[in-house]
Amino acid sequence: ARTTAPSVYPLVPGCSGTSGSLVTLGCLVKGYFPEPVTVKWNSGALSSGVHTFPAVLQSGLYTLSSSVTVPSSTWSSQTVTCSVAHPATKSNLIKRIEPRRPKPRPPTDICSCDDNLGRPSVFIFPPKPKDILMITLTPKVTCVVVDVSEEEPDVQFSWFVDNVRVFTAQTQPHEEQLNGTFRVVSTLHIQHQDWMSGKEFKCKVNNKDLPSPIEKTISKPRGKARTPQVYTIPPPREQMSKNKVSLTCMVTSFYPASISVEWERNGELEQDYKNTLPVLDSDESYFLYSKLSVDTDSWMRGDIYTCSVVHEALHNHHTQKNLSRSPGK
């Protein structure tokens with residue numbers, strides 16, 4: 001796909017979603033390539049209550065959404081903006097998320113609901129990389145419906161694999177959101193080989209608030225797989241005087257972007273690590289960094305840390321690199 005700038009659309013709650021003390025606003029970033037984009041609310045001033053969903057690749061272009069939950073009084077009295085940066089096209093887009101004002105007539109109108117606003121939205125998400133590549137795990141495709149109204153809570157899901165309907169999906173109980181709407185999730189457990197062979201998974205959603213069903217599809221990205229290169233980097237000497245030090249795992253030159261990076265200490269899984277999203281490099285491969293924070297004492301006594309990587313292009317889909325303090329250092 002060629003480099004394409006995103007389009008940005010503000011998402012505002014329906015009339016029923018603005019009556020509480022909190023309101024959830026959204027920003028839909030659609031039709032861009034390649035990854036990544038960054039989304040900031042009020043240029044970064046709004047950071048709590050922000051939830052940015054993973055990007056989804058459809059028909060060669062990415063779509064991503066971000067939401068922020070703020071007090072209703074903030075939205076009605078202050079400007080709320082969504083800023084989207086797309087480095088590949090040097091695009092910087094800003095959208096104001098504006099409250100809908102009451103119509104002057106008839107006087108019974110509380111707010112004017114545009115026909116295209118306040119309806120449920122549908123998102124589809126791929127299986128986790130580790131679930132797909134480890135035969136002992138069960139991969140699943142997930143379909144998420146947001147902004148389901150209290151008045152019309154029934155959501156019907158239909159699932160298809162290569163346009164053949166399947167009936168094995170599971171729908172989870174409705175989750176009430178802070179803005180008074182509901183979130184509904186349906187998951188379809190899939191066969192490892194169906195995803196790896198490029199089969200298309202489709203989620204079809206119907207609800208009385210929708211004029212017609214919404215369909216979302218997803219499949220494994222096409223293209224030749226490239227093997228990740230894994231490098232471990234010890235903590236800098238300047239950190240040794242602190243209580244915690246940072247270990248780094250750099251993973252480069254992989255394709256597709258779907259990858260799992262985890263850490264272990266002396267063979268036990270660690271939790272205190274952060275991964276960047278995969279970033280598209282100049283050669284059309286991806287790279288990412290993972291940072292693990294550890295106690296300085298643990299590092300100094302020679303505990304062995306392992307960066308563990310799962311990717312489809314690796315032999316047996318798995319590799320790992322150890323990192324420990326060299327004696328005398």
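Placement of Cβ uses the backbone N, Cα and C atoms for every residue, glycine included.
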The disulfide recorded in Swiss-Prot for CYS249 goes to which of CYS203, CYS307?
CYS307
Between CYS15, CYS27, CYS143, which residue forms the disulfide that Swiss-Prot gives for CYS82?
CYS27
Looking only at CYS111, CYS203, which is named in Swiss-Prot as the disulfide mate of CYS143?
CYS203
Near CYS82 (disulfide bond), how many other Cβ atoms are within 10 Å of its Cβ?
26
List the Cα distance (Å, whole number) between CYS307 (disulfide bond) and CYS203 (disulfide bond).
35
Check the Cα-Cα distances from CYS203 (disulfide bond) to the disulfide-bonded residues CYS27, CYS82, CYS249 and tell me which is shortest.
CYS27
